[in-house]
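Q: Residues or ranges marked as domain 'Tryptophan synthase beta chain-like PALP' by TrEMBL: 41-348. Look at TrEMBL and you will find K78 tagged as N6-(pyridoxal phosphate)lysine. Positions annotated as active site, nucleophile by TrEMBL: S105.
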Amino acid sequence: MASTIQQKQLQSTSEFLKLRSYHPPSWASNLNPLPSHAFNLGHFPTPIHKWNLPNLPKDTEVWLKRDDLSGMQLSGNKIRKLEFLLADAVAQGADCIITIGRIQSNHCRAAAVAAKYLNLDCFLILQTSELLVETDPGLTGNLLVERLVGAHIDLVSKEEYSSIGSLTLTNLLKGKLIKEGRKPYVIPAGGSNSLGTWGYIEAIREIEHQSQEGAIKQNFDDIISACGSGGTVAGLSIASWLSELKAKVTAFCICDEPEHFYDYLQGLLDGLEAGVKSHDIVKIENAKGIGYGMNTAEELKFVKEIAETTGVILDPVSSGKAAYGMMKDMAQNPAKWQGRKILFIHTGGLLGLFDKNDEMTSLVGKWRRMEIDKSIPRIDGIGKML
């Protein structure tokens, strides 16, 4: 396993954007179908380090898997899925991709950049409010990156997204592009299908190496992650269950209800012929709060306090809500978590914070006009910018 990880490290640094043959870990070799290729899109392995969170239960330790550091414009968990999905797109002769998500979708931003790296056009269907669907979506956060790299954006209202469904919407655009002579490849919301799930099956192999043979030498009792589209959690869950890691996976869902995700994950697992029930390999907790992409003042205050005390910036949509849910449960049920060694997956999403400027302004301060007494000598030419 060590040689495989070392080879992956070498490929991801010296052969960035190259297509590589993929060989699954031995414990996942009975899954079907097995992907044959993947692109090197991320900077892996991402670091794991101790996370000095305040007010943890006695003898509890939390470690952080920094998938927010998986790449610049591509930062976050979505790259792992796109490595496999875009390899399939290219293998099928696609000249463009179609994908779908909310207006500040991290997945859509990552897909737009990765597609351009591979000389593919990108068509995004983005959900916004009924009031804004006829107006320019602006350049805030993920939208800025998407529009800079030339992604084609189709806006739909929340009502249209809910009543028509993402599959029908992407197929409508696919049919239109085919009539125009294009060869589109459709990627589902979040990159979360059975093929995309391999991104986090591979991540568990990476974690297994880091915890057993790497620098940290740490066995984990729990793995915790946000759950927004299901693919990340499906990969973490089936791989932890199959591998020697055997960590208990808990997912904090940031939209919909837990039962929706148990059902969706079951579909992904069945698509891999995993032969296991989702209820048996993952615990899904509700952390959506007042709704997807919406935050209470308490949640935003939590994001600010974690940044101030630990230096780790969480996004308000996914990792922030998951960490908030974890810490809230620890405060309410300390005996449940006492002495546990926990690995929290930071799924990225920093750009989503730019959409919260107005709400965050009152939480941050520590600025002032520097006081410079008039008696301080002023010398012409000193300090001039060249």
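Residue 1 is the first one shown; counting continues down the chain.
Glycine is no exception: its Cβ is also placed from the backbone N, Cα and C atoms.
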Q: Show which residues of the chain containing S105 (active site, nucleophile), separated from it by at least 6 in sequence, have their CB under 8 Å from its CB.
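A: L124, L126, N142, A189 - these are the non-local Cβ neighbours of S105 (active site, nucleophile), listed in sequence order.
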Q: Can you count the other CB atoms that lie within 10 A of the CB of the residue listed as 'N6-(pyridoxal phosphate)lysine'?
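A: Total other Cβ atoms inside 10 Å, all chains included: 37.
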Q: Mean pLDDT for the domain 'Tryptophan synthase beta chain-like PALP' (41-348), as a whole number?
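A: Taking every residue of the domain 'Tryptophan synthase beta chain-like PALP' (41-348) together, the mean pLDDT is 96.
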